[in-house]
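Undergrad: Here it is, the structure, as structure tokens.
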Amino acid sequence: MELLKQRILKDGRVIGNDILKVDSFLNHQMDVALFNEMGKEFHKQFAHKNITKILTIEASGIGIACIAAQYFNVPVIFAKKTESRNLDSDAYLSEVFSFTKGKTYTIRVSKNYLNSEDTILIIDDFLANGKAALGLAHIVEQSGAKLGGIGIAVEKGFQDGGKLLREKGFDVKSLAIISSMENGRLSFTE
């Protein structure tokens, strides 16, 4: 998606050779107009899959997922990373390692919100090692729902996550795929 690539080039900051800081428009301060265009693009890519729910993980995927959900006219479910007394104890669980945070979380989704009648679209802001998407896919599998696809805003194509998910047969669509971030310079896969 050219609009997203241009915004990354304009406002993104490379830290080291593997961290891309896009908090000014994607995952801290959110550019809702950009999210609207991303939501339209995800709908264009996955409308034929008859999606019934969108699944993401807290926190950075929620904004994009909610905007995209308007185009599918479906609800959004987000997997929680923390235990809470007000979360139903009857939940699907999965272990997820966060590349950004460098730690493992147990994510959970109440069994009340996913079932075998659903076709799920997973949406997230970043794809690096694929662990978040795999954890969410594991939750979809536990529920008996069908995984319609995985929509990613920014994929780090030089890391193994995208390859891993595609080799498992998942329909992964990334709006921007970064092929390199060496020496502070970004390049994209066309």
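Counting starts with 1 at the first residue shown.
Glycine is no exception: its Cβ is also placed from the backbone N, Cα and C atoms.
According to Swiss-Prot, the xanthine binding site annotation covers Leu20, Asn27, Lys156. Taken from Swiss-Prot, the feature 5-phospho-alpha-D-ribose 1-diphosphate binding site applies to Ala128, Asn129, Gly130, Lys131, Ala132, supported by sequence analysis.
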Undergrad: Considering the binding-site residues Lys131, Lys156, which residue's Cβ sits among the greatest number of other Cβ atoms within 10 Å?
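TA: Compared across Lys131, Lys156, the most Cβ atoms within 10 Å surround Lys156.
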Undergrad: Fill in the CA-CA distance, Asn27 (xanthine binding site) to Ala128 (5-phospho-alpha-D-ribose 1-diphosphate binding site), as an integer in Å.
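TA: Per the Cα atoms, Asn27 (xanthine binding site) and Ala128 (5-phospho-alpha-D-ribose 1-diphosphate binding site) stand 15 Å apart.
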Undergrad: Rounded to a whole number, how many Å is the Cα of Lys156 (xanthine binding site) away from the Cα of Ala128 (5-phospho-alpha-D-ribose 1-diphosphate binding site)?
TA: 5
Undergrad: I'd like to know which of these binding-site residues, Ala128, Ala132, is least surrounded, judged by other CB atoms within 10 A.
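TA: Sparsest of the binding-site residues Ala128, Ala132 by Cβ contacts within 10 Å: Ala128.
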Undergrad: Could you give the Cα-Cα distance between Ala132 (5-phospho-alpha-D-ribose 1-diphosphate binding site) and Leu20 (xanthine binding site), in whole Å?
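TA: Here the two Cα atoms lie 17 Å apart.
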Undergrad: With Leu20 (xanthine binding site) as the reference Cα, tell me which of the binding-site residues Ala128, Asn129, Gly130, Lys131 is the closest one.
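TA: Checking each of Ala128, Asn129, Gly130, Lys131 against Leu20 (xanthine binding site), the shortest Cα distance is to Ala128.
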Undergrad: To see if you understand the setup: which same-chain residues, six or more apart in sequence, place their Cβ under 8 Å from that of Gly130 (5-phospho-alpha-D-ribose 1-diphosphate binding site)?
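TA: The answer is Asp160, Gly161, Gly162, Leu164, Leu165.
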Undergrad: On a simple 10 Å Cβ count over all chains shown, which one of the binding-site residues Asn27, Asn129 is most densely packed?
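TA: Sorting the candidates by Cβ neighbours within 10 Å, the top entry is Asn27.
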Undergrad: Would you list the other residues of this chain near xanthine - those whose C-beta lies within 8 angstroms of the C-beta centroid of Leu20, Asn27, Lys156 - in sequence order?
TA: Gly12, Ile19, Lys21, Val22, Leu26, Asp125, Phe126, Ala128, Val154, Ile178
Undergrad: Applying a 10 Å Cβ distance cut-off over all chains shown, what neighbour count does Leu20 (xanthine binding site) have?
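TA: By my count, 20.
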Undergrad: Return one of helix, strand or coil for Ala132 (5-phospho-alpha-D-ribose 1-diphosphate binding site), based on DSSP.
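TA: Once the DSSP labels are grouped into three classes, Ala132 (5-phospho-alpha-D-ribose 1-diphosphate binding site) ends up as helix.
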